[in-house]
């Protein structure tokens, strides 16, 4: 979303796509990611435990020992070719047997033995459906390059001036202070003097700020959630906008009382922080 003076517009921009208005053009270019369209993602347990990225997962001409060599498919079991040769082995007064000269280690066993050499990824808040898998990447390994082109006829003097008035109240807080767990600060934000306002709401104490989120405010009351990390046992976290903060702040819990994975992580982890 962009807001220039009274002009405001939003668009979901994909790779190599642009948001174009009369005054500005914003393009998403050169998206860098650890994932490629042809990659295969392998989960060895629950989705929350993450998975491995395979660049060369066999699908058609599989040899025994390749990743994905023996797989169940909608048309039956996929059986790989054997990379080797058979020869007859005979001994006196016994039935001849066939001896295989080649690889006898399956792709799964070979993968398990060398899984640390594959690139891995973490998964947070997964959502799976019949046709898609969505999750949040806690590693922040995705890098998007944004190119902004501004028209020459744009009046920069008026961009910082807005009639919008914002009042803030700190409603509640979840999580803990410190850098291990993180907290979720819930703010009640009142907007007057204009119908919509795109701006940033921050979570701060008297010393500094620990997190922010972009909010598209509407006239009246708005509820804004801010995720942050930091602070200490005496920090009173307040909701702030620009240089204005709520009149009161709230104290978060101690880190050893909350899970180390954070308030918004998987609840199945029972690891606790000692503070």
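The backbone N, Cα and C atoms fix where each Cβ goes, glycine too.
What Swiss-Prot records for 1-10, 18-27, 58-62, 164-194, 187-239, 204-209, 240-245 is disulfide bond. Marked as N-linked glycosylation site by Swiss-Prot on the basis of similarity to another entry: 122.
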To the nearest whole angstrom, state the Cα distance for the pair residue 239 (disulfide bond) and residue 245 (disulfide bond).
6
What's the number of neighbouring CB atoms sitting within 10 A of the CB on residue 27 (disulfide bond)?
16
Take the Cβ of residue 204 (disulfide bond) and count every other Cβ within 10 Å, whichever protein chain it belongs to.
23
Given the disulfide-bonded residues 10, 18, 58, 239, 240, which one has the fewest other C-beta atoms within 10 angstroms of its C-beta?
10
Cβ-based isolation winner (fewest other Cβ atoms within 10 Å) among the disulfide-bonded residues 1, 62, 187, 245:
1
Using all protein chains in view, find how many other C-beta atoms are within 10 Å of the C-beta of residue 209 (disulfide bond).
16
